[in-house]
C-alpha cells in the first residue's frame, strides 16, 4: 500500500541544513494500522507530509500502490490526495462557512464520488446526525474532530493519514474519537498511518514505530 | 507602569507592522490618497476664492452702471453731454488684447480723476503714483500671478501680437488674475476702440438719462463667488467622495490590524497594561500614522491642484466668464484644514477599533470570534442604516420638488450623498444574500460551493473595499452619463441653432451696405438678420418673481431657422408657436421660465425705450450654457420696439457650392466691407470653439472621477494584499485535501470577479439614479436649466468591464503569488495553523 524507502529530508536554517529524516524505511500494508511515535521535532509530521505528497524528500522514494510519488506532477499528486487519501489534522481545518453536512461531503465531492447513503451513515455513526445543519463554530472540539474524520472517510480513501487527531481533545473525548476512527477504518478496510506522541493512543493500533533523531528507533511499543 | 513601559508597550504593539508591512503600507496609502484628493480640491477652491475675492474687492464697489439700451458702446459724446449736464459719471472701457504668443489678457481702462471716492478702481489695486498712471508712458497695473503667467515661457516682458508695447508694468497684488488696468486713453488706443463700454456713477448721485441709456443698480450683478458656488460645491462633493473612498481603505486596514493583534493586546492587558493605556497607545499610533499620511497627502494635494488648476481656470472662464489665476494661492487654513480633515477622518475610521480595544475582554484570550453571529448583526445594521439613508434621500427629493428652481443645491448634494451611501451600505447584505442563494444552486459543484462559502468568510473585510468600488463606479457612470448626455444635447442643440454657414457682426452704419453686397452674390441663399438689446423683465401683479435684467435677442423666423430651432414647450405645437412669434409674441429661454415660472400662454412685461411692453409667450426654448434669462423676439419687432438696428447677420449659403467658394466669399466680404477677420465667423469655427470649451469644462470632472476610481481599485488591491498571507493559511488545508494551486488561484480570481460583477451591476441603477439627480436636480439648481437623461448602453457595458477589470487587476497579483507559492511555503502556512 505505502512504502517509504531510505527517505532523507533536511530543512535550511540560518545555521545550515537541519537533517530531519535520515534514511527512514517504512511499509504499510492495505488495511493495516500503524502508529508513528516520537518526541517533538523527531520528524513524525514531516514523514506524514511526505507520505501524503505534500512535500518531496531530498533523497529516497515514496511509493503509493507501487507508484512512485516523485514521478507525479503537482496536479497529479493533488488528484491522488483527494481520490486515494484521507487526511485528519490536529486543528480539524473545517471550512467555517459550510455546514457540518457540507463539510463532511467536501472531499468526496471534490473527488467526484459522493455517496449520499454513506455520508448519512457516517453522520449517524459519528453522532452528528442531529447537527448536520450546524456550522463548525457551533460544535464542540470533539464534535469538530469527529466531523474532520468523517470528511476524510467520506471519499472512501485507501489510506488514512492522521496527524495527532486527538491532540486537542480531553481524555474522554480522545478515547471516544479514537474508538470511532478505528472502528470505521476497520469496517472500510482502509490502512491507517497515525502520528501521535501518546502511547495510550498508539496502543490499539496493529503496529507502532518510534522515530528518534530522524531514524526509526524501535519497532514496537 | 514606569516611564519606559509605555514606550515598550507601544513598540510591542507597533512591532506587528514589522511582520505585516503590507498593512502599514495600506494604512498610509489610504490616508495619503484620501488626503491628497481632498486637499487638492481644497487647494483649487482656495486659489479660485482668492481670485474671486480680488475681483470682488475691485468690482463690488457699489457703483451703478450706465449703458446703452441697444448694447452698443457709448460714444464720447454720450459721456461728454452727461458731464456737461453736471452728472458725476466716470468712463470705463473693457476689452481683451492678444499678446505675442497668443496669450490673451483683459484690459480695463479707467479715469481715476472722475471716479467716485468709493471706487476700488481709483487706486486700481496699485500703490504707484497717480501722475505716472495718467501721463505718458503711462503704467500697466497687473497682479503678480498675471505677470507670471504672461512671462512664464521666455521671461520677456509682454508685448502685443502686432508688436506694440504695453505701458511699463507696475505690480498691483490686489488686482484679480488675468486683468491689466491702465488709463482709459491708452486702453482705447490698445483696444483700437473709439467707444466706451459703460459709465460708472455713485448710487446716490441723481442723473437724468436720455432714453437711449439705461442705468442698472450696483446690486444687480452677482458676485463671482456666488455665481461659481455651484462649481466649487461640485468639486467639494467629488473631493469628499474621494476622501470617503480613501477612508474606507483605512477602515479596512485598521480592522485587519486590530483583528490580528487581538491576542497581542490581550497578552499586554494580562501583563499589566491598563485598558486606558492600551487605548492611549492605539490613539498615539493613529496620530503618528495620521500625521505622516496627512503630510504626504497635503503636499501631493498641492501638486495635484497645480496640475489641475489650468483646466479648472478654463472651466470657470467658459462657464461663468470668471478669470482664475493658475498660480496656487494657499492660505494658512489650507494646511491646517487638510491636517484636521485627515486626522478627523482617521479618528472616525478608527473609532470602532478604539472602542473594541477599550472593551477588550482579558479572559477571552484565545477564544475564537463567533464571526457568523457578529457578521449577521453587522449586515442587519447595514440594511437598516442603508434604508434610513434612502428614506432621507427620498424625503429630500420630495422636498426639493416643492422648492423654487435655482435653490436647494446643498440639499441636492446631501440627497445624492445619502442615496450613494445608502446603496453602498446595502451592498454587503445583497452580496451575502446572493452568496447563500448561489451556494444552494451550486451545491453539486464542490469547488464552486467551497469558493462561495469562502467568499462569505472574506466578505466582512472585502465588503468595505467593494463599497468603495460601488461608490466610485456609480460616480463614474453617473457623472459619465451626465457629461455624455450633456455633450450629446449640447452638440445637437448647437447644430440646430447654428443653421447659417457664416455669422457676420458689424456696426449699424455698415448694416445696409453689407446686406446690399450680400444680396448681390449668387452663393447666398438666405440672410437672417439678428439684433440684441438689454431690458428689465418687470413684475406683474400677482407674479412670484422680482424684476430682473433680461437679454433681448432678435431672430428672423425664416423656415431655415424655425424648422430646426428646438423648443421645450409651446401652447399647441411648434408650428403654431412660430406663427404666433412671427405675429409679435415672445419666446423665453428655459432659464427665465424656470426662474420666474412663466410658461407658454402667459404674458410677460418687459421694459423698453417706448415704455413697458406686454407680450404673450409663445414657447420656451433651451439655451444651454447661458447663465442669463433671455427673451426672444423677431428682429423686426426688436428693432422697432428697442429703437435699434440689426447687429449681425446669419448667412445661409446655397447648397452644393463648389469647393473653395466659402473661402472666396469670405475674402471678398472682408475686402468689400473693410472689416476685421474676427467679425466674420465660420459656423465650423463656432462649433469647434464651443466643443473645445465643453471638453475643457469637464476635464476636471473626468480627472477627479478617474482618480477616485483609481483609489477604489487601490482599496481593493491593498485589501487583498493585506490579507493574502492570512488567505494562504485558509487555502492550505484545501490544497492538502487535493485541490491543486492552479484551480485554487483561479477560484480566487473568479470569486472576486463575481463579487465585482455584482457590484458593477448594482452600480448601474445607482449610477443612472445619480445621473438623473445631476441633470434634473443639481443642474437646475446650479445653472437654471435641465438636461434630458440619456442612457448609454456602451457606457454601462464599460462600467461593468471596468468593475471586472479593477477586480481582476486586484485579484491577479495575489492569485499569481499563490500560484507561484512553493508547496514548502504552503506547508509552512499549513503547519502554522
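Glycine is treated like the rest: Cβ placed from N, Cα and C.
All annotation found in TrEMBL is predicted automatically rather than curated by experts.
What TrEMBL records for B:238-359 (among others) is domain 'ABC3 transporter permease C-terminal'.
TrEMBL lists B:464-654 with the feature domain 'MacB-like periplasmic core'.
What TrEMBL records for B:705-823 (among others) is domain 'ABC3 transporter permease C-terminal'.
For the transmembrane segment (B:231-256), same-chain residues at least 6 beyond its ends with a Cβ under 8 Å from one of its own Cβ atoms are 23, 26-27, 29-35, 37-38, 40-42, 44-45, 48-49, 312, 315-316, 319-320, 341, 345-346, 348-350, 352-353, 409-410, 413, 416-417, 420-421, 461, 464-465, 467-468, 471-472, 475, 700-701, 704-705, 707-708, 711-712, 714-715, 718-719, 722-723, 778, 782. Taken from TrEMBL, the feature transmembrane segment covers B:231-256 (among others).
According to TrEMBL, the transmembrane segment annotation covers B:277-305 (among others).
Look at TrEMBL and you will find B:332-358 (among others) tagged as transmembrane segment. For the transmembrane segment (B:332-358), same-chain residues at least 6 beyond its ends with a Cβ under 8 Å from one of its own Cβ atoms are 31, 34-35, 38-39, 42-43, 46, 243, 246-248, 250-251, 254-255, 257-258, 265, 275-276, 278-279, 282-283, 286-287, 289-291, 293-294, 297-298, 301.
Sequence-distant contacts of the transmembrane segment (B:379-400), counting only residues of its own chain at least 6 positions beyond either end whose CB sits under 8 Å from a CB of the stretch, comprise 408, 411-412, 414-416, 418-419, 421-426, 428-429, 432, 777. Per TrEMBL, the feature transmembrane segment maps to B:379-400 (among others).
Panel annotation: around the transmembrane segment (B:412-442), residues 233, 237, 240-241, 244, 375, 378-380, 382-383, 385-390, 392-393, 396-397, 400, 448-449, 452-453, 455-456, 459, 463, 466-467, 470-471, 474-475, 755, 758-759, 762, 766, 769-770, 773-774, 777-778, 781 of the same chain, lying at least six beyond its termini, place a Cβ under 8 Å from a Cβ of the stretch. Annotation source TrEMBL lists transmembrane segment at B:412-442 (among others).
Within its own chain, the transmembrane segment (B:462-486) has Cβ neighbours under 8 Å at 238, 241, 244-245, 248-249, 251-252, 255, 420, 423-425, 427-428, 431, 455, 624, 694, 698, 701-702, 705, 708-709, 711-713, 715-716, 719-720, 752, 755-756, 759-760, 762-764, 766-771, 773-775, 779, 787-792, 795-796, 799, 802-803, 806-807, counting only residues six or more beyond its boundaries. Per TrEMBL, the feature transmembrane segment maps to B:462-486 (among others).
Sequence annotations record features per position, and here TrEMBL assigns transmembrane segment to B:703-722 (among others).
What TrEMBL lists as transmembrane segment is B:734-756 (among others).
TrEMBL lists B:762-785 (among others) with the feature transmembrane segment. Cβ atoms under 8 Å from those of the transmembrane segment (B:762-785) belong to residues 230-231, 233-234, 397, 400, 405-409, 412-413, 415-416, 419-420, 423, 427, 430, 470, 473-482, 485-486, 589-591, 594-595, 622-624, 627, 791, 796, 799-800, 803 of the same chain, restricted to positions at least 6 beyond its ends.
Beyond the transmembrane segment (B:797-819), the same-chain residues lying 6 or more positions past its ends with a Cβ under 8 Å from any Cβ of the stretch are 469, 473, 476-477, 480, 709, 712-713, 716-717, 719-721, 724, 727-728, 731, 741-742, 744-746, 748-749, 751-753, 755-757, 759-761, 763-764, 767. Taken from TrEMBL, the feature transmembrane segment applies to B:797-819 (among others).
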Exercise for the section: By DSSP assignment, list the helix, strand and coil residue numbers for the domain 'ABC3 transporter permease C-terminal' (B:238-359), in that order. Expected result: 106 helix, 0 strand, 16 coil
Practice task
Calculate the per-residue pLDDT averaged over the domain 'ABC3 transporter permease C-terminal' (B:238-359) and state the result as an integer.
Solution key: 79
Problem - Residue distribution over DSSP helix, strand and coil in the domain 'ABC3 transporter permease C-terminal' (B:705-823) - result: 103 helix, 0 strand, 16 coil
